[in-house]
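These come from TrEMBL:
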type	residues	note
BINDING	A:Ser59, A:Arg62, A:His148, A:Lys167, A:Tyr176	ATP binding site
BINDING	A:Ser59, A:Arg62, A:His148, A:Lys167, A:Tyr176	CTP binding site
BINDING	A:Asp71, A:Asp73, A:Asp125	Mg(2+) binding site
DOMAIN	A:49-148	domain 'Polymerase nucleotidyl transferase'
DOMAIN	A:161-271	domain 'tRNA nucleotidyltransferase substrate binding'
DOMAIN	A:292-434	domain 'CCA-adding enzyme C-terminal'
There are 2 protein chains.
Amino acid sequence: METYTSIPEELKLTVLERIQPTEPEREKLLAIQKELASQVKLAAEKLGVPGVLVKMVGSAARGTWLSGTHDIDVFISFPEETSRKELETLGMAVAKEVAKHAEHAEDRHAEHPYLNIIYKGFDVDLVPCFRVASASHIKSAVDRTPFHNDFVKPRIKGHEDEVLLLKQFMRGGGVYGSELKTQGFSGYLTELLVISYGSFKNTIYAACSWKPGEKIDIMQHGEIDHEEPLVVIDPTDPRRNVAAALSLDKFCMFIDHCREFLKSPELSFFFPASLLPLEDSEILEKLESRKSTQLAVVFKTPDVVEDVLFPQLYKMEQAVAALLKEYDFTVIKTGVWSGNTETAVMMELISGTLPNVKKHIGPPVWVKVHAEKFKEKYQAEDGVFGGYIENGKYVFEIRRKYPTAKGLLEDRLRSCSLGKQVHQSINESFEIIEDAGICRLKDPDFRVFLRKWI
Amino acid sequence: METYTSIPEELKLTVLERIQPTEPEREKLLAIQKELASQVKLAAEKLGVPGVLVKMVGSAARGTWLSGTHDIDVFISFPEETSRKELETLGMAVAKEVAKHAEHAEDRHAEHPYLNIIYKGFDVDLVPCFRVASASHIKSAVDRTPFHNDFVKPRIKGHEDEVLLLKQFMRGGGVYGSELKTQGFSGYLTELLVISYGSFKNTIYAACSWKPGEKIDIMQHGEIDHEEPLVVIDPTDPRRNVAAALSLDKFCMFIDHCREFLKSPELSFFFPASLLPLEDSEILEKLESRKSTQLAVVFKTPDVVEDVLFPQLYKMEQAVAALLKEYDFTVIKTGVWSGNTETAVMMELISGTLPNVKKHIGPPVWVKVHAEKFKEKYQAEDGVFGGYIENGKYVFEIRRKYPTAKGLLEDRLRSCSLGKQVHQSINESFEIIEDAGICRLKDPDFRVFLRKWI
């Protein structure tokens with residue numbers, strides 16, 4: 001059995017003091033929720049839409065929200081027999097009626113449209129959904145959420161603080177949030193972990209020994225196999241893995257965060273010191289110290305939500321690395337940063353230049369037809385340095401097409417397989433900046449990213 | 001069936017004119033052989049050594065020697081019951097007595113000692129051997145040679161020109177000679193090929209379709225399996241592969257030489273134009289064009305025969321390449337040149353420098369004990385740039401110990417596994433020269449080597 005330092009109660013209290021919503025905060029949230037519920041009902045009546053019910057879901061409704069966050073999820077539920085088209089048009093009509101009282105409103109799309117509004121300083125999602133009989137018979141992905149609420153709320157009662165601690169701890173480790181940018185732990189997943197393990201502490205202890213394939217099935221009703229590193233069967237849907245969005249690296253980062261925390265349980269694991277943007281002089285110093293090549297593919301940030309943008313950026317990151325490798329450049333690491341105006345896909349290389357000469361190994365001499373074809377082809381080619389036999393194979397020293405990574409990307413990036421909006425932006429224009437050239441990017445958020453990068 | 005250009009008779013005649021010994025040459029050789037035989041007998045009598053017989057072996061004795069070569073092999077044979085010690089002392093005594101009439105004499109060692117003398121301008125080996133009953137019962141490797149002579153001489157009669165053509169053709173292709181430097185075809189092997197295939201032409205045709213594992217067993221008596229690319233069972237010893245010394249690359253170079261020759265049968269395949277030494281300006285031009293890194297490990301040529309030196313140089317070539325690879329340098333090719341005073345092991349690299357930062361990938365995070373040990377070790381190490389998790393594994397960016405290939409070799413070459421004499425010479429001193437620095441080596445023979453190299 002492992003022996004770990006226990007987690008001091010005092011530390012937990014210190015954290016809770018900073019993240020528990022205050023009484024006035026709680027009261028305000030409740031009041032806003034009530035207001036929004038009646039606004040939705042009024043709007044439905046006003047528009048003559050029948051059968052509408054309002055449901056408050058999410059952490060705000062379950063008492064597991066962190067102080068300072070102002071997110072409210074209002075589900076506008078329609079009878080199951082409503083058509084998808086009706087749900088969308090009537091649902092959005094009701095939402096837009098409510099939005100008349102909001103400071104700001106914005107149409108958004110996930111599987112189907114919803115309205116995001118700023119209402120009295122709160123960030124509110126107004127989400128039309130179907131009122132289905134069970135979570136396994138949902139007509140739309142969002143229909144599941146009310147069932148999650150029903151499952152969690154009674155079970156988490158009295159353990160809300162444990163959820164708050166775990167959420168804040170995950171935030172501190174950079175693994176909280178199931179958006180496609182983060183690929184970490186969702187709020188619902190965090191709640192299920194506390195329900196399953198019983199407490200913050202037990203979750204931390206357990207996670208230290210997690211391995212990919214770790215399975216948690218509270219209702220013991222899982223029906224299918226899942227490939228993801230962590231499998232937490234949805235208590236409301238036996239076919240769904242709640243942790244499906246969690247990447248292997250975020251899974252591992254959480255394990256690591258738990259182990260380190262138990263070695264010396266400190267406040268910084270919940271509230272890490274914020275990083276300062278890197279100054280130009282620091283960048284130059286670090287480049288000189290590393291002596292590798294830094295490459296940034298910089299382009300205008302496409303005007304789409306992060307859940308659309310980031311999968312495209314990650315795809316581009318892979319494509320650029322594969323292109324570089326295909327042309328013999330050695331990639332040390334890759335990264336992605338996206339700001340309001342500019343986006344950068346970062347590559348660190350062993351070297352951004354390669355010699356002109358490239359060793360091209362052909363078939364064994366005795367594989368006659370292939371070997372002779374190979375030899376004829378390269379013997380006749382322009383700029384061939386020479387040929388010889390090595391380990392029984394024909395080898396030609398040919399002229400490298402792209403001796404610089406910059407030249408390669410400038411010439412071939414557009415023909416990479418890229419996502420739609422990223423491809424559009426890259427097609428408009430992009431720039432390859434190298435080494436000290438990255439000082440051109442002044443966005444403080446990029447400079448914070450750089451501090452972790454180099 | 002392949003269709004090849006036939007080999008013009010005229011071409012063969014032109015070649016033969018240049019390589020067939022002239023009548024005066026022949027007569028002189030015969031006279032010298034006779035003289036040497038009687039010298040040996042006289043010496044044995046003078047020293048009172050009984051039971052000595054003289055045997056002329058090798059190409060000179062079989063009429064398969066190329067004009068202009070002046071090698072004579074004189075075997076001084078002792079009764080089988082002679083002890084090895086007696087053979088050596090008495091054999092060498094007789095040889096040294098003969099050497100009194102020579103211009104120059106030099107003790108040499110293969111499996112046992114022999115004497116190399118220059119006698120009236122001829123290069124003569126005086127080799128003591130045992131007179132055994134059959135080649136499969138030899139007491140020393142050289143005892144086989146007289147049996148080779150007995151096998152070849154009657155069978156090659158009338159086909160000597162075919163052997164001459166094949167030998168000269170192999171010379172032209174750089175594959176003639178079974179010394180450990182060349183690892184090509186021996187004279188005896190060439191004769192067996194002509195005996196087996198019937199002619200020069202048929203050998204060329206056959207070799208075009210050779211594959212590793214090609215087997216020729218004239219006596220159909222082979223007893224064991226051989227791993228070498230070409231297996232020619234010794235007609236005088238069913239357990240021996242006459243082609244054992246032939247390397248895979250020389251085997252392939254011969255195949256290639258045959259194919260190219262049949263595409264356009266020209267005199268140059270027998271007598272290639274000799275290469276001019278590379279001038280300094282040409283070296284600099286070629287370096288600029290290739291933009292790779294040239295490294296030469298230069299040291300005093302050890303004072304040993306080539307058959308001892310070259311295996312050590314080839315071993316060193318492998319060891320240096322392995323060392324460079326171990327420390328992340330990418331080797332394009334390696335080579336060896338050895339002159340009278342200096343020897344150079346050559347390496348062409350993608351780059352002679354690497355960044356200071358080195359990516360060190362550890363175990364997966366979930367392999368707990370190993371992963372934690374790895375993390376602790378590298379976290380505490382000096383000069384670590386940073387750490388992160390990638391593909392579920394801990395990765396540390398550590399400081400590279402050897403960012404230059406020159407520095408690596410200067411520090412670690414002495415601890416490589418090297419042969420005895422090379423190790424001694426390296427231990428005394430060596431120099432790593434790089435790129436334009438190789439202009440320091442002025443030996444014309446090195447400059448010819450360089451012309452093929454870059």
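In case you wondered, yes, glycine gets a Cβ from its N, Cα and C as well.
It should be emphasised that the depicted structure is a prediction, and the values quoted were computed from it without experimental measurement.
Cβ environment of A:Tyr176 (ATP binding site): A:Lys167, A:Met170, A:Thr182, A:Gly184, A:Phe185, A:Thr190 lie under 8 Å away, each six or more residues apart in the same chain. Per DSSP, the secondary structure of the domain 'Polymerase nucleotidyl transferase' (A:49-148) breaks down as 32 helix, 37 strand, 31 coil. Comparing CA positions across the binding-site residues A:Ser59, A:Arg62, A:His148, the one lying closest to A:Asp125 (Mg(2+) binding site) turns out to be A:Ser59. For the pair A:Asp73 (Mg(2+) binding site) and A:His148 (ATP binding site), the Cα-Cα distance reads 13 Å. DSSP assigns A:Tyr176 (ATP binding site) to a strand segment in the three-state reduction.
Apart from A:Asp71, A:Asp73, A:Asp125, the Mg(2+) site neighbourhood in this chain, defined by C-beta within 8 angstroms of the site C-beta centre, holds A:Val57, A:Gly58, A:Ala60, A:Ile72, A:Val74, A:Asp123, A:Val124, A:Val127. Minimal Cβ crowding within 10 Å, among the binding-site residues A:Asp73, A:Asp125, is found at A:Asp125. Model confidence over the domain 'CCA-adding enzyme C-terminal' (A:292-434) stands at 96, taken as the mean pLDDT rounded to a whole number. A:His148 (ATP binding site) sits 17 Å from A:Asp71 (Mg(2+) binding site), taking the Cα positions as reference. Across the annotated binding residues for CTP (A:Ser59, A:Arg62, A:His148, A:Lys167, A:Tyr176), the two most widely spaced Cα atoms sit 19 Å apart. Around A:Asp71 (Mg(2+) binding site), the C-beta neighbours below 8 angstroms that are at least 6 residues distant in the chain are A:Gly58, A:Ser59, A:Ala60, A:Trp65, A:Phe122, A:Asp123, A:Val124, A:Asp125.
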